């Protein structure tokens, strides 16, 4: 029962008798303060920042204040099972580690450490296309842990690149494809703009590792410029960033291309309306993520939690509904979706 909060709390108090204090605060808001003290201004503002005036970010959090727990007593539920089955697999907890890019700007171990932690807890780790660690290295680090791959989808003239990314993910044991729909252009984030900071344009591999490690991208760059990516990293980084954030979106009927090149479940991330949820059912994907990207992409968007119940009612059992955007700390109850995705807080 080591993972049960009651016994874990007792372990913490027992350690306290030996003057062994927790390494980090148990109060999630404190993590932001600690991160601000430890990280560079560029790194902190990148993970903290949101689009525009941060209204959507703030609204996401406020949405939870409308909901409260109604305790039920005398029901003998001291050690409830939190196991859940999503997309055909059983997991110990109804949570997944959301895709966060460029993690090595926060810690030298980056995605490797996050994937190992997810594997240890038997929850899925979702690798971002913006990862600062390669698809293969993260897979090796996570061992037999559940791995999903999140795609920032290049334009159709770069289908060869898209297929290469999908093939690499499949070969490395990523079972679910998560397609992000709301980030074909980076959000207008004053915290990054004020610092003139874009981690994807740096002359290193921090923001472009998946491109620099991709054989098709490397070959095409060599054919176009006559040099390897390492010999002109500024240009190579800019070209990769333009490929995954091209300023152009995809149409619903193009999902068929991904279905033809991916033989596992496909989940569409960024759904915010009943109409789009129904279209996802029609196109035949297996799941959606009700998400506004935590307010990082568009300011003024509807609060994700507000639209969640009607989306769940609209799609019924025809696909899996996952959720992110707004959870500010511990103890949030899953309302209707089968899985909650945790993002900025853990990072």
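Each residue, glycine too, has its Cβ placed from N, Cα and C.
Following the DSSP three-state reduction, the secondary structure of residue 189 (glyoxylate binding site) is coil. Taken from TrEMBL, the feature glyoxylate binding site covers 46, 152, 189, 293, 296.
Among the features that TrEMBL reports, FMN binding site is placed at 99, 100, 101, 128, 150, 180, 269, 291. Around residue 180 (FMN binding site), the same-chain residues at least 6 positions away in sequence with a Cβ under 8 Å from its Cβ are 99, 150, 151, 152, 153, 269, 270, 293.
Annotation source TrEMBL lists active site, proton acceptor at 293. The Cβ neighbour count for residue 293 (glyoxylate binding site), using a 10 Å radius over every protein chain in view, is 27.
Each residue contributes its Cα atom, and for residue 100 (FMN binding site) and residue 296 (glyoxylate binding site) those atoms are 12 Å apart. Of all residue pairs in 46, 152, 189, 293, 296, the annotated binders of glyoxylate, the farthest apart have Cα atoms separated by 19 Å. On a Cα basis, residue 101 (FMN binding site) lies 16 Å away from residue 189 (glyoxylate binding site). Most Cβ neighbours within 10 Å among the binding-site residues 128, 291: this distinction goes to 291. The maximum pairwise C-alpha distance among 99, 100, 101, 128, 150, 180, 269, 291, the residues recorded as binding FMN, is 17 Å. Secondary structure at residue 269 (FMN binding site), as computed by DSSP, is strand.
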